[in-house]
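Going by TrEMBL, these are the annotated features:
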| type | residues | note |
| --- | --- | --- |
| COMPBIAS | 9-19 | compositional bias 'Basic and acidic residues' |
| REGION | 1-22 | region 'Disordered' |
| TRANSMEM | 31-52 | transmembrane segment |
| TRANSMEM | 64-86 | transmembrane segment |
| TRANSMEM | 154-177 | transmembrane segment |
| TRANSMEM | 183-201 | transmembrane segment |
| TRANSMEM | 257-280 | transmembrane segment |
| TRANSMEM | 300-320 | transmembrane segment |
| TRANSMEM | 355-377 | transmembrane segment |
| TRANSMEM | 383-401 | transmembrane segment |
| TRANSMEM | 413-434 | transmembrane segment |
| TRANSMEM | 440-460 | transmembrane segment |
């Protein structure tokens, strides 16, 4: 309040007005087109394409043609979803991604259920990535022996907090790290892709495998659906750009352009890499391999095969950086709307970064690392990701009819979000129907448990005075300040 009173004085000097604009406590627009492309590619391409692209092939009954078709179809569905998100991101360029759009389109309660679930599942996913990175980073030093669990957990915690501090201190540095690691992982994928293209001409058995691509047994509908589910999982992360829409330079232009560059690029690379694997290895060898890229490297470049495990670690590190960046923005947006403690919505006075939000999300991820068995529970929340995608695309449809005059620099073809809503709810119900498990009941109960918090603290605004004192002390300790009026609050 004191800050606002002090800022009431007016000045006729235009330079003074520019200085005030720069001095505003808001997220700064530091993310350009190439940074956005790096974040999307970095979010999608993790360890999966290097380690085990076997799910699609296995459920396709080793039918090469069906598997490659599903990889392509999964990429196109991801592109459709990202185009829906591009419309929402350009029309409502706020931090928080799906959370902000669901809140605007469907209301406060669905948005709170989303952030309640995400606060549990997304940090657990980050913890799993950190542990996987530690696994690949430490294993070369132990040969055939397993690395000590304590060492892996300590390294995972160190990586988490290093990236948490980096993202909390500087957006530009975080974007630079993301760009570097995305380039490194794409170079590794290029080695595999180009290697396959070079080899395919000289291998008659490989050419025959592609010429008779559909000759083997054709999977039934449920197997195709399961393979499709695996393919879509490999493309997960295409929604990440909307979490940083408030920090994008020229979002009206850059968000659609970034999406239309990054997602098709990943589709092409995924197809080329899979073709390369199938050029060197038989479908049975791919399905039975623990790490396909490592097996490929042992056959093709045995003298420098160590490049692939290193590339996997690099890829995981880049994906973890992107995921932590977006999770911090989700926590920040949720706090701005009053769905999380107010401290989390504050920005560092020196760097204008959401440092408390980064500390909050990194702390939760660290808790998951200590008893890493908890991470297994989050597998049963996989359906929740597609539930939220469905709700976000439904929000787009609702806003088209409820707010027809909302400025939309980019508009997706309207049937596309309807297709995405239908597909999302199919993907939510499919795993529950095909493999019913008591853990899915627990996951639903956890999501419904958000009502226990929502009703007293959000709906009835129950508040404890002592929390204000704690917030004040933490604010001084962390050197953070409430953000000035955001773009989102102006619309509401």
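Yeah, the Cβs are placed from backbone N, Cα and C, and that goes for glycine too.
Ranked by Cβ pairs under 8 Å to the transmembrane segment (31-52), the stretches 154-177, 183-201, 440-460 are led by 183-201. Per-stretch counts of Cβ pairs under 8 Å to the transmembrane segment (64-86) identify 257-280 as the leading one among 154-177, 257-280, 300-320, 413-434, 440-460. Same-chain residues lying 6+ beyond the ends of the transmembrane segment (154-177) with a Cβ under 8 Å from its Cβ atoms: 27-28, 30-31, 35, 38-39, 126-127, 130-131, 133-134, 137-138, 247, 317-318, 320-321, 324-325, 328, 348, 351, 353-355, 358-359, 361-362, 365-366, 369. A Cβ distance under 8 Å defines the sequence-distant neighbours of the transmembrane segment (383-401), meaning residues of its chain 6+ beyond its ends; these are 81, 84-85, 87-88, 91, 98, 101-102, 104-106, 110, 114, 117-118, 121, 236, 239, 412, 414, 417-418, 420-421, 424-425, 427-429, 431-432, 440, 443, 447. Against the transmembrane segment (257-280), stretch 183-201 shows more Cβ pairs under 8 Å than any other of 183-201, 300-320, 413-434, 440-460. It is 300-320 that, among the stretches 300-320, 413-434, 440-460, forms the most Cβ pairs under 8 Å with the transmembrane segment (183-201).
Among residues of the same chain six or more beyond the transmembrane segment (440-460), those with a C-beta under 8 A of the stretch's C-beta atoms are 108-109, 112-113, 116-117, 120, 338-339, 377, 380-381, 383-384, 431-432.
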